[in-house]
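Copied from Swiss-Prot, the annotated features are:
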type	residues	note
BINDING	Met48, Gly197	substrate binding site
BINDING	Arg124, Ser170	ATP binding site
Amino acid sequence: MSQHILKNTIEDLELVRSKSPLVHNITNYVVMNNTANALLAIGASPIMAHAIEEVEEMVTICSATVINIGTLSEPWIQSMEKAAKKAVSLGKPLVLDPVGAGASNIRNAAIRRILDAGNPTIVRGNASEILSTLSSSGKTKGVDATDSSESAVETGKSLSKVTGGVVVISGATDFILKGTDMAQISNGDALMTKVTGLGCTASALCGAFAAVQKDQFRAATSAMAVMGIAGEMAKSKTASPGSFQVAFLDALYELNADTIKQKLNAK
């Protein structure tokens with residue numbers, strides 16, 4: 001286990017809880033409630049706002065913005081472009097979750113437009129989404145990964161060079177990449193794939209940690225460590241997806257330094 005990542009994760013979790021950062025989310029209908037509750041459970045303060053008339057104001061008052069393209073329409077894409085441009089102009093953390101990248105032309109176009117508006121400090125997705133974000137060669141099965149996280153590492157490194165930011169590839173092992181830096185988090189549980197929106201939750205947590213930790217690589221690594229450990233804690237209480245969702249929120253709320261020390265599997 002990496003003692004460096006262990007120390008950082010404990011410190012960054014305390015920062016989130018002590019500062020309770022406002023995190024602006026333009027996210028999808030499917031996960032809004034779960035995402036907001038997860039942010040509250042970890043100690044952050046969520047704002048869920050997508051109206052184009054107010055996104056610039058929301059970006060301005062919040063400490064980070066998370067853009068999630070799960071349920072798209074043209075007005076939403078315009079809001080995302082506007083929010084991305086504003087976040088970059090203010091030098092604030094911007095997280096992009098390219099949900100279902102490669103599944104449709106509108107998703108691919110939306111990703112290009114958002115990237116043109118402003119490079120995110122963190123991009124988080126599964127292997128297929130990361131592959132398709134950089135090129136059209138990845139194949140997407142709905143919004144679930146059909147590629148292993150390992151298979152997307154080189155593409156993730158290339159995407160990091162394009163954006164100048166961090167790329168997180170979620171999977172059985174999570175890879176966090178920026179330039180020549182790479183961290184691996186091997187926590188979590190397979191039951192997490194049976195609850196919709198936990199990938200979206202991971203992106204929101206990246207936003208919360210990025211809001212309080214200037215080192216975006218460190219912030220993303222800490223967020224993914226917390227995500228995986230909370231998943232293991234939830235699985236220890238239930239073996240079914242319905243109760244797992246509730247147990248996961250409880251785990252985020254109850255997570256402490258001792259549990260992180262016991263469970264973290266990172267390098």
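Keep in mind that glycine also has a Cβ here, set from the backbone N, Cα and C atoms.
Put simply, Gly197 (substrate binding site) is 13 Å from Arg124 (ATP binding site) when counted between their Cα atoms.
Gly197 (substrate binding site) falls within neither a helix nor a strand when secondary structure is assigned with DSSP, and so counts as coil. Here the C-alpha separation of Met48 (substrate binding site) and Ser170 (ATP binding site) works out to 23 Å.
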